[in-house]
């Protein structure tokens, strides 16, 4: 049986980390939304050979157990004692190592596909619990809806859908090491966000007021190594973006606009120094 799942990119409307757990991992307090920039993940099961294979159209991704999609298939197959082999084909459109959760979204797509193929009958919340064993972003990617995400990434509160907005997603030709950025966090000096105010306005469906409270506490840490991220963000603001900020640990910067025409204007204006630019809708 063959199933194809859409695996959208995620954006951090807010990203904060209140503390570090005893194991050294950050506690997250984030508001996340998905964007219509997506990979397409085709999953096929077969009796022979009883192996897991991953194929992608990107030379930057591993095709073995280092790939999160591979891990998703392995974990689900082991947990439910399924003996089928699994072939995963990923058509990449989300930039790799960009802070957009592409690998996590691919893994979530594999979990959803195999849940359907093997008729496991797992709810989204049950899939999300399994997803947490793969990576902290995978539980959110099971849902792909506007949500407040806390803890290790396992606590997910879905929020009311927002008006139709456009996003300009731009990735410069730089690579950011997430572990390197997370090691830079000094919790005594971190400038925390007012996520409570952001959530209040999102729940009232007052998007314009909510934009005042969006942000990413990791921006200064990443920009210390890559100041060009700050220059791109400022350029987007100058061009009229409602919001412009970094997603995840970077390097991707996104702008949110209430009209497609403004989003296109920003896209055309920054293409000269940033070729990987997409205009998409928020989901």
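Start at 1 and count along the chain as shown; that gives each residue its number.
Glycine is treated like the rest: Cβ placed from N, Cα and C.
Quick caveat, the model's predicted, so the values are computed rather than measured.
Record features, source Swiss-Prot:
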- 10: active site (ACT_SITE)
- 137: active site (ACT_SITE)
- 95, 96, 97, 98, 99, 100, 101, 102, 103, 104, 105: ATP binding site (BINDING)
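The number of other Cβ atoms within 10 Å of the Cβ belonging to residue 105 (ATP binding site), over all protein chains shown, comes to 29. Long-range C-beta contacts of residue 10 (active site), restricted to its own chain and to partners at least six residues apart, with a cutoff below 8 Å, comprise 32, 33, 34, 35, 100, 101, 104, 105, 137, 140, 141, 144, 247. For the binding-site residues shown (95, 99, 101, 103), fewest C-beta neighbours within 10 angstroms: 95. Of all the recorded positions listed (97, 137), 97 has the fewest other CB atoms within 10 A of its CB. Residues 9, 94, 248 surround the recorded ATP site, their Cβ atoms falling within 8 Å of the Cβ centroid of 95, 96, 97, 98, 99, 100, 101, 102, 103, 104, 105, which are themselves excluded. Secondary structure at residue 103 (ATP binding site), taken from DSSP and collapsed to helix, strand or coil, is helix.
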